[in-house]
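Novice: This is the structure I have questions about; it appears just below.
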Amino acid sequence: MSIKEWFEDRRKITGLLKNSVERDSKDANETEKNKNLSIDYAKINRLWAQCDNCESLLYIRFLRENQSVCKECGYYLQMNSSDRIELPIDRDTWHPMDEDMYTLDVLQFHSENEPSHSDHLDSEDESYKDHISFYQIETGLTDAIQTGIGQLNGIPIALGVMDFKFMGGSMGSVVGEKITRLIERATAESLPVIMVCASGGARMQEGSFSLMQMAKIASALYIHQKDKKLLYISILTSPTTGGVTASFGMLGDIIIAEPKAYIAFAGKRVIEQTLGQKVIEDFQVTEHLFGHGLFDLIVSRNLLKGVLSELFRLYGLPRK
């Protein structure tokens with residue numbers, strides 16, 4: 001090889017290296033750009049929400065001021081438990097109960113079929129504890145319900161609010177225990193109980209421990225309603241299904257439902273497969289069920305506090 005040929009080879013190699021470095025630099029810039037875009041999308045998600053019905057883009061602050069009702073079509077979006085507590089409770093009167101109660105994985109439940117929520121875990125490596133931890137971080141709650149004592153237009157009440165954003169509002173041992181303790185305290189202090197239901201039913205990861213909560217809560221309510229003659233109002237929101245519908249959801253002295261809520265025990269597909277026949281559309285929606293006598297009232301969110309206050313007045317409950 002001549003000296004001239006050697007220099008030409010060096011120039012070719014240098015050019016290839018330069019192109020490679022430029023490509024790597026460009027790829028790195030694209031990656032950083034995409035990363036920045038994802039951060040911007042995260043910020044957008046905290047500021048805007050999309051209506052599940054009409055797909056309108058809704059500004060979160062205005063949506064909360066409108067009690068999570070779409071201003072375009074009137075559709076009721078899901079509310080978290082903290083926002084729901086603010087609806088009926090007077091300002092600075094809320095005193096939460098059992099905030100530090102959390103679930104123990106007594107069954108050592110492990111599912112390979114559940115989707116993974118953690119970046120560093122594959123679904124087959126993720127346990128029930130991992131799922132609980134994920135939702136605790138996402139919602140800021142220890143489990144799928146908040147309970148406490150507050151005042152509604154000056155009337156002391158015991159209030160429990162389920163949160164569907166925490167594992168679909170499923171009822172496990174902690175949810176059942178918190179509701180039972182709330183009812184027992186209300187019974188001891190002669191307070192009315194209001195339960196806001198939003199749940200997919202019993203929590204499968206806790207097996208019979210979850211199913212046992214249905215009987216435990218019903219037993220506490222029996223003493224509250226039958227023995228002490230105290231008022232219990234159940235408010236059903238979308239969705240209320242499964243073991244919650246089959247227990248305390250339908251045990252209220254007065255049962256209130258939100259408009260167009262999905263309320264059921266089993267889903268439509270399960271019913272059709274069991275009965276071997278088709279069922280009509282929307283047969284598990286509030287308005288259809290109300291027409292068949294399952295509820296006492298259908299109340300919109302903006303009227304709820306006034307309606308509850310009037311019911312308490314008719315019941316003769318004293319202001320504090």
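Cβ atoms here come from the backbone N, Cα and C positions, even for glycine.
This is the feature table in Swiss-Prot:
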BINDING   Cys51, Cys54, Cys70, Cys73  Zn(2+) binding site
DOMAIN    47-320  domain 'CoA carboxyltransferase N-terminal'
ZN_FING   51-73  zinc finger
Novice: What are the helix, strand and coil residue counts for the zinc finger (51-73) according to DSSP?
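Specialist: Grouping H, G, I as helix and E, B as strand yields 6 helix, 4 strand, 13 coil.
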Novice: Determine which residues of this chain, when Cys51, Cys54, Cys70, Cys73 are set aside, have a Cβ within 8 Å of the centroid of the Zn(2+) site's Cβ atoms, and list them as they appear in the sequence.
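Specialist: Near the Zn(2+) site, beyond Cys51, Cys54, Cys70, Cys73, sit Asp52, Asn53, Glu55, Ser56, Leu58, Lys71, Glu72, Gly74, Tyr75.
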Novice: Would you count the other CB atoms within 10 A of the CB of Cys51 (Zn(2+) binding site), including those on all shown protein chains?
Specialist: 18
Novice: What is the average pLDDT across the zinc finger (51-73)?
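Specialist: The average pLDDT of the model in the zinc finger (51-73) works out to 93.
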Novice: Any same-chain residues 6+ apart from Cys54 (Zn(2+) binding site) with CB under 8 Å of its CB? Would you list them in sequence order, or say none?
Specialist: Cys70, Glu72, Cys73, Tyr75
Novice: Can you count the other CB atoms that lie within 10 A of the CB of Cys73 (Zn(2+) binding site)?
Specialist: 12
